[in-house]
Amino acid sequence: RKNTKRVPSFRKLLRTSQIKLDNKLKNKQYKQKSAAKKYRKEQKKLREAVRDAISRKPFPLEEPKKKQVARKWEEKEEEDALPLDMMDEDDLKLMEDLAQKASFLTRDLSSDEPVHVKKRKHESVIEKYEKMPRRLQTEPEKELIHLLPIKDKSGIIPQAVEKPVLDVAHDEEEDTEDVEEAEDFNEEPLPVLTPEEMAAQRRQKLQERKMHIAALASAILSEPDTNIKKLKELRAMLMEQDPNVAVIVRKLVMVSLMEIFKDIAPSYKIRPLTEAEKATKVKKETQKLREFEEGLVSQYKFYLENLEQTIKDWKQRKLKKSNVISLKAYKGLAEVAVKCLCELLVALPHFNFHNNIIVLIVPLMNDPSKMISELCVEAVKKLFKQDKLGYASLGVVKVISGLVRGRNYDVRPEVLKVFLHLRIKEVELQKDSEDIAPKKKFMTYKEKRKNLSRMQRKWKKAEEKLERELLEAEASESKEKKLKLHTETLNIVFVTYFRILKKAQKSPLLPAVLEGLAKFAHLINVEFFDDLLIVLHSLIASGDLSYRESLHCVLSAFHILSGQGDVLNIDPMKFYTHLYKTLFSLHAGGTNEDIGIVLQCLDVMFAKRRKQVSQQRALAFLKRLSILALHVLPNSSVGILATNRIFMQTFPRMDLLLDNESQGSGVYLPELDEPEHCNAQNTALWELHLLQRHYHPTVQKFASHLIAGAPTEGSGALPLDLSQRSATELFETYCMKEMTFNPPVASVTPRRKDTFSQMDSFVDEELNKQLQQHINDTVAHKPLDFAKHLKESSLA
């Protein structure tokens with residue numbers, strides 16, 4: 001027989017919290033202890049009373065307390081008493097015997113106190129117990145539950161119901177029976193299973209749990225309105241207690257609930273009902289929808305709390321006493337919980353508790369675990385990319401700013417690099433506003449005249465006027481709201497950047513700050529331009545930055561000057577000089593990746609500021625970039641040659657470097673760090689002749705194209721797939737990160753040995769002829785047309 005009082009059902013356990021159960025148990029134990037303590041006290045008193053009664057002896061007559069009263073009585077007695085010689089001998093002997101005995105008849109006659117005072121004072125415990133009235137064994141008084149009274153003609157009639165009394169004796173018998181049954185059950189030895197049988201049993205249990213999870217999930221997804229209560233049953237499986245399958249079952253339930261919430265969550269935020277709304281009567285369909293929404297929000301809240309608690313327990317390395325999962329397995333559970341939170345962050349940015357998810361995810365971006373940190377960073381990047389309006393982005397940026405400040409700028413650079421994925425651009429703002437307010441086609445005058453009557457045309461005209469006003473108001477409101485959100489977001493981002501520039505210049509966050517400034521510099525207020533340029537130049541001049549960080553400083557400065565900074569009369573010659581001086585720091589090794597930033601700098605410094613750049617500066621950069629193209633990887637050479645092509649098409653008289661005749665006085669000084677004074681017009685691009693023999697075919701095409709003068713059409717023009725791409729795109733396209741050659745190398749067919757020997761002898765003869773011709777021309781002091789030589793002396 002099952003004892004429902006001591007062993008509550010599983011559903012009751014789900015409804016009752018663990019704290020409440022613990023309090024009930026403590027109260028019960030306290031009552032039992034109090035009853036036992038009281039019983040022990042009574043037994044102790046009874047034993048003392050019996051011991052006292054056994055050892056008690058007759059006590060003499062009490063002495064008077066009040067001596068003055070006693071003296072008066074003695075005097076009175078002496079006056080009134082008869083002399084002893086007048087008494088008989090028998091009477092005198094009787095009085096002496098009575099004086100030696102102590103009984104309720106003998107008392108102190110010399111005291112004025114009442115008769116019963118001394119008696120009560122010396123009364124023993126046994127006498128008190130004996131004098132207590134006996135109670136007959138009657139039925140216990142029944143407790144009444146008072147109900148609401150009934151009123152009739154005669155008056156108010158009170159109503160009451162007897163409270164049911166539990167049979168304690170019956171329950172105790174059941175408890176003893178259950179204990180005996182448990183003892184009998186424990187005495188039976190458990191069967192010993194082999195490892196194969198244990199594995200089979202585990203697989204069977206796991207399969208049963210999977211089928212149960214699948215059945216509940218399919219029922220909820222098929223009819224969410226009617227089966228919303230099954231979410232609670234599915235969520236209860238997060239507390240699986242079987243140690244053999246607990247970890248896997250909890251992971252499966254977490255992922256299943258995440259997918260269910262993604263599918264059944266509405267596309268709007270559910271707000272709580274007011275008291276007035278709850279009191280009003282509504283239709284059955286509306287009431288059903290309200291119950292569904294209320295159940296969905298409550299179960300979603302409990303689910304998020306479970307995920308949060310799982311992560312907290314793992315972070316604090318804390319296990320509950322009743323837990324069946326080891327600390328090592330808790331890491332896997334925490335990773336699954338983080339994945340679920342990241343999915344919900346991206347999939348349900350409009351739904352309830354989204355800010356709570358943000359507060360959970362953002363600190364985990366700085367987690368020591370690389371896997372969890374990357375998961376959170378990628379989730380935030382996805383959220384930024386798909387957030388058109390800006391509500392979710394603003395919430396994330398606020399939490400990140402608070403985290404960076406609270407940790408005293410001691411966070412990972414990846415935390416700040418997510419700002420680079422914010423959708424805050426003027427072009428996107430205009431595009432999104434057009435998407436929100438699409439143009440509506442109205443009827444023309446001819447269509448109205450043909451299809452509508454006069455009255456209909458009048459009504460149609462008023463209706464179209466109202467629709468136009470509504471569309472304009474909606475578009476302007478949404479656009480203003482979006483601009484306001486983006487402005488607030490950027491203010492927080494720039495405040496974070498400027499704090500780091502001011503207080504933590506040696507922090508590892510500085511590259512991320514400079515990269516962010518380079519991207520959003522065109523959106524900074526003009527009032528901060530002068531101060532920001534001074535800070536950037538002081539950072540470069542300090543020498544504490546790495547080469548990549550200094551490039552970001554240069555890029556930020558020119559982004560500022562190319563946007564709203566056009567109105568400022570500032571000559572950034574020091575930034576040109578710094579870039580020109582440090583170009584030879586690049587090579588085919590680790591700094592090859594920095595060439596992408598150099599190409600962006602060159603695009604902003606020359607292509608977008610062509611009117612502010614002198615010819616001498618452009619020639620110096622063109623010559624130094626051609627030298628650099630010999631020392632880097634093929635993708636960098638292609639990007640540099642594409643930049644040289646833009647130089648030759650943008651600035652006039654760049655073809656001076658294709659001729660060996662000097663233009664003016666002086667000699668080219670390649671070691672000088674000042675581009676304006678190195679006399680670059682007196683040199684030639686002899687590097688293009690070497691690049692024509694490069695092993696990469698695309699480098700060969702660009703070198704031949706530049707030797708021809710970079711024509712836009714004709715035989716020397718580039719193909720469209722190369723001419724229409726920017727230098728940065730070409731650098732990324734021909735990148736060799738994955739150890740692949742682009743374009744792929746064609747397979748060589750085997751040839752006979754004599755064929756190769758004939759080719760080698762032919763190449764040697766041609767080289768000897770050209771070398772002899774060159775020596776003869778030099779000896780004869782004949783002028784050598786360098787450009788013609790570059791065109792004609794190309795060898796495959």
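Glycine residues also receive a Cβ, built from the backbone N, Cα and C atoms like all the rest.
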Matching 28-84, 85-141 to TrEMBL annotations, region 'Disordered' lands on 28-84
DSSP composition of the domain 'Nucleolar complex-associated protein 3 N-terminal' (209-303), residue counts helix/strand/coil, works out to 68 helix, 0 strand, 27 coil
Averaging the pLDDT values of the domain 'CCAAT-binding factor' (550-703) gives 87
